[in-house]
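The domain 'Cytochrome oxidase subunit I profile' annotation in TrEMBL covers B:29-533. Taken from TrEMBL, the feature transmembrane segment applies to B:41-62, B:82-101, B:122-140, B:165-192, B:204-231, B:264-282, B:294-312, B:324-345, B:357-379, B:391-417, B:429-453, B:473-493.
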Amino acid sequence: MAEQNQPQIKKSVIKLSITVVAMFGFGFALVPLYDVFCEVTGLNGKTASEATTYQANGIDESRTITVQFLSRTAKNAAWQFKPEMNSIQVHPGEMKFVKFYAKNNTGADAVAQAVPSVSPGQAANYFQKIECFCFNQQPLQANEDVWMPLQFYVDPELPEDVTELTLSYTLYDVTATTDS
Amino acid sequence: MTTVTDTMDNVDAQHDHHADHKMTGIKRWLLTTNHKDIGSLYLWFSFIMLLTGGAMAMVIRAELFQPGLQIVEPDFFNQMTTVHGLIMVFGAIMPAFTGLANWMIPMMIGAPDMALPRLNNWSFWILPFAFSILLASLFMEGGGPNFGWTFYAPLSTTYSNGSTAFFVFAVHIMGISSIMGAINIIVTIMNMRAPGMTYMKMPLFVWTFFITAYLLIAVMPVLAGTVTMVLTDTYFGTSFFDAAGGGDPVLFQHIFWFFGHPEVYIMILPAFGIVSTIIPAFARKPLFGYSSMVYATASIAFLSFIVWAHHMFTTGMPLAGELFFMYCTMLIAVPTGVKVFNWVATMWRGAITFETPMLFSIAFVILFTIGGFSGLMLAMTPVDFQYHDTYFVVAHFHYVLVTGSLFSIFAAVYYWLPKWTGHMYSESLGRWHFWCSIISVNVLFFPMHFLGLAGMPRRIPDYALQFADFNKWVSIGGFAFGLSQLIFLALVIKCVRAGKQAEAKSWEGAEGLEWTVASPAPYHTFATPPKVD
């Protein structure tokens, strides 16, 4: 019985093994797929990771949006990190410039990376950054401080029901992973 | 379903032509390629793991017996909840089902053995190594995994206590074992059925394992990928789940639950197959709606792939996503309802007797349905915001996993024990086991619903004073349920050693090819395939 079926058994085993390998690959493929999905839909509060150019058609003065700034440091980063103001009023299409203060209190040279997140998530795609310290890593020597720039505007296409959005930065110490 | 023409010939043929030439001593078990030996190994292994994981549950319940910290440190408590979960899922329930598949599938489809006997040996024998690694990590400096069996990043990456590597390798080995076992089951069912046994004539037991094996093939590799990412994030500087490097911790939950949700059906579909075998036997009626059972099983398997994010309603998903996953989850109640209806309809006006396998099966139908209902409550997004990470969730998944999967495994062991050992087990001990278990398990898990609704969080070694009374009862139920399983151990040992000689067809209403061979089943069965009409 088993002997007669050997060729078929071999065929089934090969097919199933290929499925296993493919599904292993699929697990990893979910990583870029997830990023693409979040970028397309603007879910998850992810903002663009590269600078955009100003493209709005004029300023919509009929609306005023409150942009709140939050800053926090991750558990491993003993830095001081705060925005120069807690919130700012902007009209959609209007360009704004805000500075963030960072100081390395660790007594050792370090490199930090700020990661932004916008809430509500649906507004993330309408928050356009022309210049942001989050695009690059920020090296600081021991006890050195720096004012870091953020230049942004809110896209006039922003859904009507959004009147307030929060931009949150988390600062991570990435010294260990940047040896260059 | 299946009718067999040459019943008695087969019994004789097995005896005449096949001397039981097997090796002696430890070598028989180490080198065996016999599906019955390997099935027994799996079943004993899973029972040892059940007692191990159960001992950890006892530690958890002892600590929670009264408020405040008495017995263990919070960190060790976390290790207990984590390893309890891992052991019960990967060490007790899954290997027990694989063991049943090994024992029964070849006999049910009239095959001489599994299609890949050597692979079978390997699938089993790597398991003890996996669990040795996992358990050994508990005794190492820094302790074992303490991040929950779901090993969410960054708990398992940035904040790991150093046990992550051991955990990852253990899960890799368990995964390889499951995948090889699943390949073996599929290949056997596809290629080794007796002539005349078409797919729609296969016992439902075989069908459910067939579909489960496909689920395993599809999602165990994804789990392997997930733990690999956790490994490289922790030790090799990648940033799959690390926001600082451009990754996303929420991504971890998506990938994990893409595996995790089909996994829960991997642990329940075989239970459906078992109960669908036992209820007709003791109701003395054929299974009601056989083909609808097959299609319901397949639908549940399909739906299990598109509901994963109902574990993540509180991660800040957009409304559209929450609605999609809520509706898909509720849709699963439809095929599951078909099954429950069919079991009840099978019993309807049947000549029912209540031997132990039937008692466990009926308990399964009722208590699994309770677990299903609490699952439906959890599926509703708005209320899930309240229930999330409370004891309500703990109550839910213990109803489906303990009174669901575990009870079905007990039922299966009682049902086929005469076939395996050649002896009838002690019915009175079986009843003791059943009634002690059913009372204690409800004392154990039912109050957890109320604790959860009142807001007691999971995975915390201490709790607010108002939860004290219920927790005391839960713990008492827990100890009683744990001790009840010793009755089962005694019963099985007694049955293996001696007992009333079992007939080839040990139960009056039993159907299927496995009852056409002698009891105990000869070492080799169906060397010549039976004819199925």
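In case you wondered, yes, glycine gets a Cβ from its N, Cα and C as well.
Counting Cβ pairs closer than 8 Å and at least 6 residues apart in sequence, the transmembrane segment (B:357-379) and the transmembrane segment (B:264-282) reach three or more and so form a contact.
Three or more CB pairs closer than 8 A are found between the transmembrane segment (B:165-192) and the transmembrane segment (B:122-140), so contact between the two stretches is assigned (pairs 6 or more residues apart). When pLDDT is averaged over the domain 'Cytochrome oxidase subunit I profile' (B:29-533), the result is 95.
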